[in-house]
Amino acid sequence: MGSRGGSGGDGAESHGYAADIHSIREAQARIAPYVHKTPVLSSTSIDAIVGKQLFFKCECFQKAGAFKIRGASNSIFALDDDEASKGVVTHSSGNHAAAVALAAKLRGIPAYIVIPRNAPACKVDNVKRYGGHIIWSDVSIESRESVAKRVQEETGAILVHPFNNKNTISGQGTVSLELLEEVPEIDTIIVPISGGGLISGVALAAKAINPSIRILAAEPKGADDSAQSKAAGKIITLPSTNTIADGLRAFLGDLTWPVVRDLVDDIIVVDDNAIVDAMKMCYEMLKVAVEPSGAIGLAAALSDEFKQSSAWHESSKIGIIVSGGNVDLGVLWESLYKR
């Protein structure tokens, strides 16, 4: 783990970031009718294993099964009627796709969803369930973006970016507001990182409320571009990714990178075996089924890297963002059986 970054609450509002505490509070008011205020769970058994008090913000119980509905609904309900009339388009491997489809359905407008051919079946089914118009792409981010651009040009639909967008970031940040409203004494939050929309929103909100709070990212070893970016001081992309955490394969955007660079204190990298072990622990001790991307925060809290760091010694009450629960049960049981 590297040195702490970031300058706290004032910096979170004054350095020209895409979002701030004000846009996040506006998002909270805007999306309140359309999202769940998800529960915060705890387990004395898990606390004993980790050696700290953990508070799990369970976005696996969110509408569409993940935190993504926060950013999607904020983006879609922020559109004026003329902008919304031609619908919205996005590209996503799963959770954001379903969230956009659902938010568009709630707004009564069409949603064009570009999905890579390797997306998990359970997540594709969610998009269909919410009435999204699916357009397939190849698996690369370049293909996804190219197809989304073509659909946008053909339909006039507004792009709802999965992470690199002010309204998306602001919507995701509302999860941090809820967590700290319920457990204000939290001193560290561990957040999954991929494109950076969630952790950017969490960091901007949390550090505005409590400048001394620590924000840690959790990232899979097979898709550790954020850790490499943090070390290099610039955005690093990878030629390919290989991880069970299918929701954590995107790379940082130009709007999320400055927040990650400045306000994320450290990035903990864990392997897929650790993620599966954390999924099992969530199921056995929290009685909650979570997807790999949602379990990675617990995996990070259990890691030797964290326990050997100053962050572990300086933390007592740790928030864990359980980002989603859209897991293919067949994959879940196969993974748990192998462990």
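Glycine too: its Cβ is placed from the backbone N, Cα and C atoms.
Note that the structure is predicted; figures quoted are calculated from it, not measured.
Per Swiss-Prot, the features are:
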ACT_SITE  LYS68  active site, proton acceptor
ACT_SITE  SER93  active site, proton acceptor
BINDING   SER43, LYS63, TYR130, LYS287, ASN326  ATP binding site
BINDING   THR90  Ca(2+) 1 binding site
BINDING   ASN95, GLY195, GLY196, GLY197, SER323  pyridoxal 5'-phosphate binding site
BINDING   ASP187  Mg(2+) 1 binding site
BINDING   GLU219, ALA223, ASP225  Mn(2+) binding site
BINDING   GLU219, ALA223, ASP225  Ca(2+) 2 binding site
BINDING   GLU219, ALA223, ASP225  Mg(2+) 2 binding site
MOD_RES   LYS68  N6-(pyridoxal phosphate)lysine
MOD_RES   CYS122  S-nitrosocysteine
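Where Swiss-Prot records a feature, it is marked here on the structure.
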{"residue": "SER43", "record": "ATP binding site", "Cβ contacts under 8 Å, 6 or more apart": "LEU54, PHE56, MET285, LEU286"}
{"residue": "LYS68", "record": "active site, proton acceptor", "Cβ contacts under 8 Å, 6 or more apart": "ASN95, HIS96, ALA98, ALA99, VAL100, PRO162, GLN172, GLY324"}
{"residue": "THR90", "record": "Ca(2+) 1 binding site", "Cβ contacts under 8 Å, 6 or more apart": "ALA72, HIS96, ALA97, VAL100, ALA111, TYR112, ILE113, VAL114, ALA148, LEU159, VAL160, HIS161, PRO162"}
{"residue": "SER93", "record": "active site, proton acceptor", "Cβ contacts under 8 Å, 6 or more apart": "ILE115, PRO116, ASN118, ALA119, PRO120, LYS123, ASP246, GLY247, ARG249, ALA250"}
{"residue": "TYR130", "record": "ATP binding site", "Cβ contacts under 8 Å, 6 or more apart": "ALA64, ALA98, ALA101, LEU102, ALA104, LYS105, ALA111"}
{"residue": "GLY195", "record": "pyridoxal 5'-phosphate binding site", "Cβ contacts under 8 Å, 6 or more apart": "PRO162, PHE163, ASN164, ALA250, PHE251, LEU252, GLY253, THR256"}
{"residue": "GLY196", "record": "pyridoxal 5'-phosphate binding site", "Cβ contacts under 8 Å, 6 or more apart": "PHE163, ASN164, SER226, LEU252, GLY253, THR256, TRP257, VAL259, VAL260"}
{"residue": "LYS287", "record": "ATP binding site", "Cβ contacts under 8 Å, 6 or more apart": "none"}
{"residue": "SER323", "record": "pyridoxal 5'-phosphate binding site", "Cβ contacts under 8 Å, 6 or more apart": "GLU59, CYS60, ALA66, PHE67, ASN95, VAL191, PRO192, LEU198, GLY247, GLU291, SER293, GLY294, GLY297"}
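Of the recorded positions CYS122, ALA223, ALA223 has the largest number of other Cβ atoms within 10 Å of its own Cβ. When each of the binding-site residues ASN95, ASN326 is scored by how many other Cβ atoms sit within 10 Å of its Cβ, ASN326 comes out lowest. ALA223 (Mn(2+) binding site) has GLY197 as its nearest neighbour among the recorded positions LYS63, CYS122, ASP187, GLY197, ASN326, going by CA to CA distance. There are 21 other CB atoms within 10 A of the CB of LYS63 (ATP binding site), with all protein chains counted. Neighbour counts were taken as the number of other C-beta atoms within 10 angstroms of each residue's C-beta; across the binding-site residues ASP187, GLU219, ASP225, the minimum falls on ASP187. Cα of ASP187 (Mg(2+) 1 binding site) to Cα of GLU219 (Mn(2+) binding site): a distance of 20 Å.
Around GLY197 (pyridoxal 5'-phosphate binding site), the same-chain residues at least 6 positions away in sequence with a Cβ under 8 Å from its Cβ are GLY71, PRO162, PHE163, ASN164, ASN165, THR168, ILE169, GLN172, THR256. Cα of GLU219 (Mn(2+) binding site) to Cα of ASN326 (ATP binding site): a span of 18 Å. SER323 (pyridoxal 5'-phosphate binding site) carries neither a helix nor a strand DSSP state and counts as coil.
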